Amino acid sequence: MSDPRQSQEEKHKLGRASSKFKDPPRIMQSDDYFARKFKAINGNMGPTTSLNASNSNETGGGGPANGTPAVPKMGVRARVSEWPPKKDCSKELTCKALWESRSQTSYESITSVLQNGQSDQSEGQQDEQLDLDFVEAKYTIGDIFVHSPQRGLHPIRQRSNSDVTISDIDAEDVLDQNAVNPNTGAALHREYGSTSSIDRQGLSGENFFAMLRGYRVENYDHKAMVPFGFPEFFRCDPAISPSLHAAAQISRGEFVRISGLDYVDSALLMGRDRDKPFKRRLKSESVETSLFRKLRTVKSEHETFKFTSELEESRLERGIRPWNCQRCFAHYDVQSILFNINEAMATRANVGKRKNITTGASAASQTQMPTGQTGNCESPLGSKEDLNSKENLDADEGDGKSNDLVLSCPYFRNETGGEGDRRIALSRANSSSFSSGESCSFESSLSSHCTNAGVSVLEVPRENQPIHREKVKRYIIEHIDLGAYYYRKFFYGKEHQNYFGIDENLGPVAVSIRREKVEDAKEKEGSQFNYRVAFRTSELTTLRGAILEDAIPSTARHGTARGLPLKEVLEYVIPELSIQCLRQASNSPKVSEQLLKLDEQGLSFQHKIGILYCKAGQSTEEEMYNNETAGPAFEEFLDLLGQRVRLKGFSKYRAQLDNKTDSTGTHSLYTTYKDYELMFHVSTLLPYMPNNRQQLLRKRHIGNDIVTIVFQEPGALPFTPKSIRSHFQHVFVIVKVHNPCTENVCYSVGVSRSKDVPPFGPPIPKGVTFPKSAVFRDFLLAKVINAENAAHKSEKFRAMATRTRQEYLKDLAENFVTTATVDTSVKFSFITLGAKKKEKVKPRKDAHLFSIGAIMWHVIARDFGQSADIECLLGISNEFIMLIEKDSKNVVFNCSCRDVIGWTSGLVSIKVFYERGECVLLSSVDNCAEDIREIVQRLVIVTRGCETVEMTLRRNGLGQLGFHVNFEGIVADVEPFGFAWKAGLRQGSRLVEICKVAVATLTHEQMIDLLRTSVTVKVVIIQPHDDGSPRRGCSELCRIPMVEYKLDSEGTPCEYKTPFRRNTTWHRVPTPALQPLSRASPIPGTPDRLPCQQLLQQAQAAIPRSTSFDRKLPDGTRSSPSNQSSSSDPGPGGSGPWRPQVGYDGCQSPLLLEHQGSGPLECDGAREREDTMEASRHPETKWHGPPSKVLGSYKERALQKDGSCKDSPNKLSHIGDKSCSSHSSSNTLSSNTSSNSDDKHFGSGDLMDPELLGLTYIKGASTDSGIDTAPCMPATILGPVHLAGSRSLIHSRAEQWADAADVSGPDDEPAKLYSVHGYASTISAGSAAEGSMGDLSEISSHSSGSHHSGSPSAHCSKSSGSLDSSKVYIVSHSSGQQVPGSMSKPYHRQGAVNKYVIGWKKSEGSPPPEEPEVTECPGMYSEMDVMSTATQHQTVVGDAVAETQHVLSKEDFLKLMLPDSPLVEEGRRKFSFYGNLSPRRSLYRTLSDESICSNRRGSSFGSSRSSVLDQALPNDILFSTTPPYHSTLPPRAHPAPSMGSLRNEFWFSDGSLSDKSKCADPGLMPLPDTATGLDWTHLVDAARAFEGLDSDEELGLLCHHTSYLDQRVASFCTLTDMQHGQDLEGAQELPLCVDPGSGKEFMDTTGERSPSPLTGKVNQLELILRQLQTDLRKEKQDKAVLQAEVQHLRQDNMRLQEESQTATAQLRKFTEWFFTTIDKKS
């Protein structure tokens, strides 16, 4: 037997080797450990060791004596010192030896010894009690551990130290019986971390309490009440092996007190102990749970932390004594941050000794063999270590997740849907009962963020940043070390130095170093140069990065041409490295080639994937291998997945298949995805051997594949890895087909991965099936590629890679070196001068903070998802901010520096806010204020955020705060000189905390309630930019995933396609999908979008927040500020299409397109839909670039003239306002600023989707979450339609409307009719938005002045079968006034005086209540339509009849209100499909925004009217002085002019807020198109009347409520649009609802002609309006002409193609005849 001490030390060095030794050595080691510790204890403690030893031995079962010795042992046990073993302990050692035979790790053995006496429960509880008493009498913890007075000595089961195993107890001990997991019968023994104690359930209830009595720790009282199932946990926590604690702590000379518990776990200790007290005390009660969770995580996920005490110490040491270079060294990538030279030293010896262990499917299959013994210490093969020494596996029970695809299996972890990236930040997802699965999945799937596992390179050159961000999209490839290209990128082919050597501690090492000039050195003053370093050891992590020359203390002068001595650079960066051992590499090209191989050894872009075919009723490996041929469903799947290739002669990646003799089959399946080549080993394509049931020829290939796809036909039994026997198969992706070989074929996916394979994306949405489509194919290919990459991180493959790496390094160090050492001399480096220079040139303070790479700090981060604190490494580069958990070595948080909006810094902590106000809370490890100061300074350098400001707000006499806030938490308006204004609150400020509650966790409604109800309102705000625009994250301003403009055949950017893409139909399994709109989807028969929307269900709220964009973006490209992305709230049915996708997929960024003004405005999506459009035959369907141009110009002109461009509230138009522009008076504070963003699902993928349209929100348009506004009445959605609501009725069109209005169904139940401002708009907007830009929200937006560019979508003919979103329905409200002909039956909204016109889009799923009654109002927007595209006619469109949603009945209304409501989704889908054709996003104006301003203005116009809600909830308005009016804005017709340009100009939230305040617009007055022939005099009169109305609350009723022209130049379009313009079809253009007569009528209706003169603005507006109308008319004419030309061109094209084909055929015939004739002649 080898010397125990020696082996022990080796184990320590290796860190993880402990479990790999056989029992005998382990015993010896343990003895050694124990002896050393005992000795130490004797020295320090009173009782003699001998006595203790004898007692413990004799007692053997828990006698009191036992306890005594145990105490001392425990005290020092964790300390691995060099004391020699003592004889005193011999007896105990002997006993220990017995236990050791079963112990798994050295720690376990130690523990067992320590626990021997007491652990033994065989003696019964009495003994135990005596034991405790005795121990207590003899020594109190106070005596032994001064710092831990209350820790019971209780030696027994308290071990919490990492490797000790509870199950290491005497074979005879009764404990064994108790130490069995009641669920599995498995012996509970320690794995790593304190988890072992957690798993230990041996204690009986009485024993447990006896133990508690012994400890006498009050803290545990509450635990006693915990269900008995957790005793093991208590065991682990309660005075958790104070000895172990003490051991580790003593080794450092410190104790840790965590919430009253001594909890020292080697895996968790690190620096945490020091910090924990600080953090933990803040939340003492949650500690246990969090610890429990944490432990569990450590145990199940990271065997890496099974450290022996020595390794622990090294880690602790590392945490305490960071490298000198840590701060100044800028890391290139994530794995470099994880590089730990101390760990490399400790594990070096282990490299050659790592054994292959049973992993993958074999581990699972072997557990069954000894059925009863799964839980025993012995594995099926005889040794747990054999089974999985990597984790010291005890019988793993699996994760308990099962479904009809896959069953829970030992040693495997399942992904059944809903799993997402870990979230530690404080966000709504973590704060509410969020279906984390869905939300995470979707967000991660659709968001522009890089997933945690997808973050690799942190240093991104400025010129590559846009491209880099674009790469972060659809289906991110994860777990790939892209930093491996560091050498190739920065060294290869350039002047640099390589040094190789064999370090006595590190083994073979290789260093590459290069000095380079810093490109962007202006701010860095002296930092003209930096040194790039790549340092490689046998460990797989490499130190890669750069250090600025000014940050290096040196004897030489900085900034000279010669540079600093390399020796000084290396000594500073890697002080642990022995520079003397390094020799310069030989000058051979082979050196660089070898280094490239070494660095890129882990990169592979060729993967082989197995595919097993499982028929109905099958589940076993043998059955699957014996399926000789594929069925039609499997063939269909294979055709989708890749292309069949003939193997013979195949020259690409063949994955060991025979391409010469067909011995492995004649064909195989091959495909490529991104940069990857995939060859599939398909079981049915590999040779079948009828006489060999095992089908070895097939298994030979598939069994050696790491990732296997298991294809299940309907009726197949759930898959379990237990049925597979293979050491290599680590991941199984199960794909089950539904409705095979039909148009509705779809697939559900599940994953089962070996427990040591980290999770990987893309996440599987919960309860969703994927339609057969290219998107599903991309999803599946990304999943298997990520699975392969992740599997290579498992211990088995890492061990193999490490051995290979070590050999490479050895070869370099031995065969490719010269005798030259590292150059230490520098010309003229005199010692004296050097010393002076060193002082003088001492690293320039904070020079490193200007580095491009990631500067790293040790911090403690608050994990809000698990309510725990975790020790992390914080890295901040020029592109990313990320946190890596030290224990798991996983990235747990990342965000782009561009998304950081602010931070709150304290002395030793900092809270960083990003995106929409989400935040991460960090504190320094050693309460080091310097760290926080540096972090803040670094943030200032790399982000556009700022320090937050805390202020306490007072209420005025009316209880108002004096400002409005939109759903995003952005202050839309502040009452001048009010209390809020005096406190320093300004428009554009962003609230991130209200009364200590993070705004990111609140819905708009909750936010408003908090502001309204809190006695003292304390807010933390982020000040706006200098120009007054709110600070926004980049992902809010523009959806990153707009990239990869490479289009696929469908015209959709390939990268963007997501499984949820609009062309795909996702079905939420549980819910029936609504009938999809017919659309050209790649797969015939697949409905355009189905339930996919459900996917989005994630949270409506989530999306809403970010609707607004920062107006700063010049191009307005931001499609949706918030990335509103995926979150459109799909209805419960989820059937709604996924809106967000559209944004991604369908359009590149519409905004961008618009911006360009290029005709291509049609987004890809639009193009995709072109077919549909054509079907509708609305030429207008297509967007032409010009309109956008035009609009932009109008906008600019008008706005600029006004100067309101930025300020005009109109700009605020919220696109998202689906709902009636969420007048959120409910917002109270937010006071209508909020637009309902929620409702509007942005990016739902509908054509109408603003995102698609590219009309992203105009200037900060904040889409309110409809939440607060829900109560709003559907403010008349139709601007024009406002007729009902507005006094002015559009008589001329009234009849038409009448029909539509007639939707009498709802009439019957007027009371029931609710238009939720949010929902109605959502619905209508949703529909409208989707279908027609004119939707409620749209309309309202329009009216608000937002110009909504019509969506190009043509009105789909009814044939499409869905209501035309373009239809407008008018609902009259309580106001008795009805528009003639329009809703003949007024609907009374309770409390609402106004009538509203509601344009609902019929949700696809919901039957239109009286469709027949509803008539389309095709003419409404005709003029605008042209521009916006007939499809947009949304509101007005005639198809509405059938499709129109009538007024909603109460039930429908409620449904709409529910985010999940299928109606909403359907509507949404529908609209989006039609309406969204236009690439531009329609702009929606939010009443609320306006109202805020107007209220503030105090002018009667007060926007208050603008929001319907306002009237209803006047009190909501925080400060408005004027009574709120319900005014519904008339929906704007799509302002055909391109909204895109508008977009830029107005970003709602931001701009509008500010603008509003500047311009008071009395409610917006809709201006009719000149086409209507409206007389200007009438217009003036109307305006006056309008003003007069303002004075009257009823004015609020005016649906019009159009904003000022100036602000709403776009809105003027609305009227025009409203005029039932010509249908795309060429329907005659209906005069605007308001004709001159109508105009008068309008005034008449108003009845109150207000004499008040309009200010000079009217004249100005008139001029602008005339010009705009003229331009508009011209544009329309041009557009009509262009449309006609396009149509002709198409026809000509078709004709030419036919003629071409005919000519070709004739030519062919002629040729044949010619040659035939010649042949005959010859």
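For all residues, glycine too, the Cβ spot is worked out from N, Cα and C.
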According to Swiss-Prot, which residue out of Ser241, Ser1149, Ser1461 bears the annotation phosphoserine?
Ser1461
Tell me which of 61-119, 1595-1653, 1654-1712 corresponds to the coiled coil entry in Swiss-Prot.
1654-1712
Swiss-Prot lists as phosphoserine, out of Ser18, Ser754, Ser1337, Ser1552, residue Ser1552
Tell me which residue from Ser148, Ser1081 Swiss-Prot records as phosphoserine.
Ser148
For the candidates Ser538, Ser905, Ser1488, I need the one that Swiss-Prot annotates as phosphoserine.
Ser1488
With Swiss-Prot open, pick whichever of Ser1365, Ser1520, Ser1549 is annotated phosphoserine.
Ser1549
Could you check Swiss-Prot and say which of Ser1029, Ser1208, Ser1351 is marked as phosphoserine?
Ser1029
Averaged pLDDT score, the coiled coil (1654-1712)
88
In which DSSP state, out of helix, strand and coil, do we find Ser1029 (phosphoserine)?
coil
Provide the number of Cβ atoms within 10 Å of the Cβ of Ser1029 (phosphoserine), excluding the reference atom itself.
25
